[in-house]
């Protein structure tokens with residue numbers, strides 16, 4: 001019974017000893033697009049080290065052996081004097097993985113064995129900060145980077161920390177500037193902003209002022225349009241009146257002026273319009289006696305003769321011609337012994 005107990009005890013001890021002999025894992029971070037050097041943690045090259053071997057996915061990629069040239073699977077790799085492995089090519093995401101390093105002494109014993117977990121990360125970009133005053137909300141965002149953490153500070157106080165590309169925060173005061181920081185194992189970027197927002201009362205007055213200004217502008221525009229329409233209406237009415245005046249003048253000119261009567265024509269018309277006296281009627285002028293019949297006949301013929309026209313008067317040259325004198329006959333009731341003078 002005692003033997004069984006001792007056997008089980010030694011078995012457990014041996015298992016625990018094997019577990020303690022397991023290889024340690026070390027994480028090494030690389031930058032996307034850049035080379036990397038894999039250093040051996042807690043190791044220093046000494047004269048009793050004979051060999052350093054680097055293996056990736058079961059394949060020997062590089063080997064350092066004392067008194068022999070180093071073995072390199074390609075020119076991409078290089079073993080340094082301290083035993084570190086240098087990868088010269090720009091690292092890509094698919095270059096992430098586990099690299100195993102084994103160190104042997106001159107006696108052939110294993111001095112060290114470690115697994116290095118290589119992870120390739122993208123550097124973070126500079127954060128951006130924007131805010132909205134009506135909502136009192138601030139947003140911090142990062143566009144590029146992998147496996148980073150976003151942190152927001154106000155002054156020296158950490159407000160929030162999240163492993164995501166954007167983060168929002170609703171502030172209660174603006175006593176200190178805000179700082180947004182993005183960080184991952186291979187890079188770190190930050191940005192600081194001072195947020196300025198008008199107070200609510202001021203924004204209310206600004207809104208009221210803008211509204212009143214807009215209303216006043218609308219009224220001024222309406223008044224301007226009204227004045228323009230009124231002026232156009234007045235000009236149109238004035239043009240209509242001018243057209244009416246021009247039309248009346250044109251009709252008057254087309255009718256022509258009435259002919260003015262000359263004194264000679266007026267006298268002729270008056271003579272022509274006078275009705276001849278009835279037969280047997282004799283005109284008597286006060287203070288004169290009636291003329292004899294022969295004289296009346298000659299005088300009546302002279303009265304009927306039309307006066308010369310204005311054209312004939314202007315065409316006649318020289319002094320006017322003398323008219324024959326007519327001697328009046330003595331009245332019938334005069335004495336028989338009175339003799340008439342001889343005619344000229």
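Glycine is no exception: its Cβ is also placed from the backbone N, Cα and C atoms.
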Per Swiss-Prot, the range holding region 'CD58 binding region 1', considering 43-55, 56-68, 69-81, 82-94: 56-68
Feature region 'CD58 binding region 2' in Swiss-Prot, mapped to one of the ranges 25-39, 100-114, 115-129: 100-114
Listed range which Swiss-Prot flags as transmembrane segment, given the options 152-177, 178-203, 204-229: 204-229
Integer Å distance between the CA atoms belonging to residue 82 (N-linked glycosylation site) and residue 166 (N-linked glycosylation site): 43
Cβ contacts of residue 135 (N-linked glycosylation site) (under 8 Å, same chain, 6 or more positions away): 170
Nearest-integer angstrom distance between the alpha carbons (Cα) of residue 82 (N-linked glycosylation site) and residue 94 (N-linked glycosylation site): 27
Fewest Cβ neighbours within 10 Å, where candidates are the glycosylation sites 82, 94: 94
